[in-house]
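Heads up: the structure comes next, in structure tokens.
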């Protein structure tokens, strides 16, 4: 099955060692007509006469394009990771005498051992052959086999080109691993799946994973071009209390928009949380600068400020933390058993109520409850009737959960999660079983516990400041000489410590990615509240201690007020610019541009948080584009989605009960190809991308670029490159400067998507040219080159990959014998 050249170099004449075989399921390209050379449907990997493997060696961090070019031109294998226009990490690879390397890809150049091309529907190569975008990279991947037993084979994304280089542009997903080495993912991606039960007739499909450039295994990304590794499945809200309060807010205080009303509500929650922390310190140490410090520092810290001005559950969770701290302080300081019982009942109610919002508070509740019961028992305040009363109040706090089965039964919500009409469905929802109980994501990834704790410590130092941490430590030390203080202080310390360790253990997101770090750090707010209370108590008790030892109480009190005012003022000046969102409408404009660009009566398959949530908000909450239909790809894989939401999606046909990308032959399920065929009467768009686990659509449909989305059209539909380029040239009116937001913000993601959307048609045409016959290539290369020149010439600052793509288009055009004008950036 090898070409003559391969047999000569790969297979020794005496008992050749065969590593294994690669088999294409189906045709490799189109029906074979004669000798296809390296384009076969089966490829055997034999031990080479001479090892050609490579391994990482020297790492260069370069700050100029000239330096990067000099390193790449050394004639040595290398991988370049472009971090920005001014910084590139180049990893050189040296010869490895213990491994053989085999490369796979669409290119017919020499470095590729096994040429694999897309299967053209219908076979043959007539003039009517449909134009489709290739999903196979020119240098797709490489297989490295150890030359010695047990001959272990490993697969790596990306292959070395004729210049022995691999380039990962600025747009590509890339990161630095905990060991300091760079890694990344390719645009098309390399996916692997190991069948369950081995390779037998009884085996069943396994889970699809993605391979990185360095050979690590990750869950699938949201899209092929996503800049984060691993797929994050949208999680169930499960927050009935927040939903009920938001509905009341919209009813009682309708402002300029639903989002504005909920933002105001969350700001009120945030203010209430700060006031509750202030009251906690007042109850334990009396009013004064310490109480103001606890509430003020918490209120103007970066994370609290940031999440108190958006529609999220975290500000309400902060309020419950503050209320539980306040009730605990009142309970602890109450002078009579009667008063302790009263505060215990209120505490039990709010413990239950708080768990109707965010489940992370359970880690505080499981500490407060036994502490309060033990306290009542030691003061002879615990009885059977008292236990029943406390239990009743605790269960009364869960009353908002009744909203879930009622809402699910009535089925009036046009967008919801799960089916809570049964006990099993309700329990699944409460435990977030579909998403991962006590996990942040449905992924197998785990980070080092100490690394996560260290990141939280750095957050405290940077966002709460060192003086606040010193005062918190001082509060712990000063409590050791007073039993009343000590019990409460160590209650707070225990809650914060257990919560931080447990969360660090369960936070299964990679915080090396700025966007994922933003997801993780929101949960540090719960611990920040305890630190601020400790700092406030530390300042108050320090003033009392100094006054008792040295006198001059006015002096120490004045100094404490100055320190408090200085810290709060400094934090306001530090965080105001970043947290002031009064003029920020980037995500809103992103969604409006996308939804208004769609043709009438479009069916949109959304994927991921950005397009899914933003388009649903405009469509459902503001009534924009009532003619379109929004279908969530991830949700369509759940058995309840079609049953619960089909009636709210008129004009959308579901050919089964749910979409199963793996078991597509089940009568109850359907594939994405079947779904598309049943909805061909409408323009269908995917925003952003399609799930990689179900490639069935490739048999019957093509994806044509439409801004940040892609239109899915039947594969036989004639494609006019010039008309399509003109049609998609000015889809959006986007003027936001490139690279103008923090890497961890959704604004950064939305802005980057809009910038890259400008070149998607040019990239699509170039990719088509790479996969076409020679007589058709020149036309596509020229059109792609002209489009690149047009978008590059109108911008000053733009993504770095535009220059590279422009150069590739020019090179392709030159290869066709055309003259190319040299373009010099202004």
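Glycine is treated like the rest: Cβ placed from N, Cα and C.
Remember, TrEMBL labels are computer predictions, not curated facts.
The domain 'Pellino FHA' annotation in TrEMBL covers 13-234.
Sequence annotations record features per position, and here TrEMBL assigns transmembrane segment to 262-282 (among others). Among residues of the same chain six or more beyond the transmembrane segment (262-282), those with a C-beta under 8 A of the stretch's C-beta atoms are 245-246, 249-250, 253, 255, 290-296, 298-299, 304-305, 307-312, 315-316, 318-319, 321-323, 325-326, 328-329, 529, 532-533, 536-537, 540.
According to TrEMBL, the transmembrane segment annotation covers 289-307 (among others). Remote same-chain partners of the transmembrane segment (289-307), defined as residues 6 or more beyond its termini with a Cβ less than 8 Å from a stretch Cβ, comprise 266, 270-271, 273-282, 314-315, 318, 459, 463-465, 468, 471, 521-522, 524-525, 528-529, 532-533, 535-541, 543, 557, 560-561, 563-564, 567-568, 571-572, 574-575, 578-579.
Note on the transmembrane segment (313-331): residues 239, 241-242, 245, 266-267, 269-270, 272-277, 279-280, 283-284, 298, 304, 307, 340, 343-344, 346-347, 350-351, 353-354, 357-358, 360-361, 364-365, 368, 371-372, 375, 488, 491-492, 522, 525-526, 529-530, 533 of its chain, located 6 or more positions outside it, place their CB under 8 angstroms from a CB of the stretch. For 313-331 (among others), the entry in TrEMBL reads transmembrane segment.
According to TrEMBL, the transmembrane segment annotation covers 343-372 (among others). If you look at the transmembrane segment (343-372), the same-chain residues 6 or more away from its ends with a CB under 8 A from one of its CBs are 238-242, 313-314, 316-317, 320-321, 323-324, 327-328, 330-331, 334, 389-391, 393-398, 400-401, 432, 438, 491, 494-495, 498-499, 502-503, 523, 526.
According to TrEMBL, the feature transmembrane segment maps to 384-404 (among others).
What TrEMBL lists as transmembrane segment is 487-505 (among others).
TrEMBL lists 525-548 (among others) with the feature transmembrane segment. Proximity of distant same-chain residues to the transmembrane segment (525-548), defined by a Cβ-Cβ separation under 8 Å and at least 6 residues beyond the stretch ends, is recorded for 273, 277-278, 280-281, 284-286, 288-295, 297-298, 301, 303-304, 307, 314, 317-318, 321-322, 325, 360-361, 364, 456, 460, 463-464, 468-476, 478-479, 485, 489, 492-493, 495-496, 499-500, 503, 556-557, 560, 563-564.
Cβ atoms under 8 Å from those of the transmembrane segment (554-574) belong to residues 288-290, 292-293, 296-297, 300-302, 465, 467-468, 539-540, 542-543, 546-547 of the same chain, restricted to positions at least 6 beyond its ends. The annotation transmembrane segment is assigned in TrEMBL to 554-574 (among others).
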Mean predicted confidence [pLDDT] for the domain 'Pellino FHA' (13-234):
76
Cβ under 8 Å to the transmembrane segment (487-505), counting only same-chain residues 6 or more beyond its ends: which ones?
284, 325, 328-329, 332, 360, 363-364, 367-368, 371, 449, 452-453, 456, 475-476, 479, 523-524, 526-527, 530-531, 533-534, 537
Should anything in the same chain at least six residues away from the transmembrane segment (384-404) have a Cβ under 8 Å from its Cβ atoms, list it; otherwise answer none.
240-241, 243-244, 341, 344-346, 348-356, 373, 376, 420, 426, 429-430
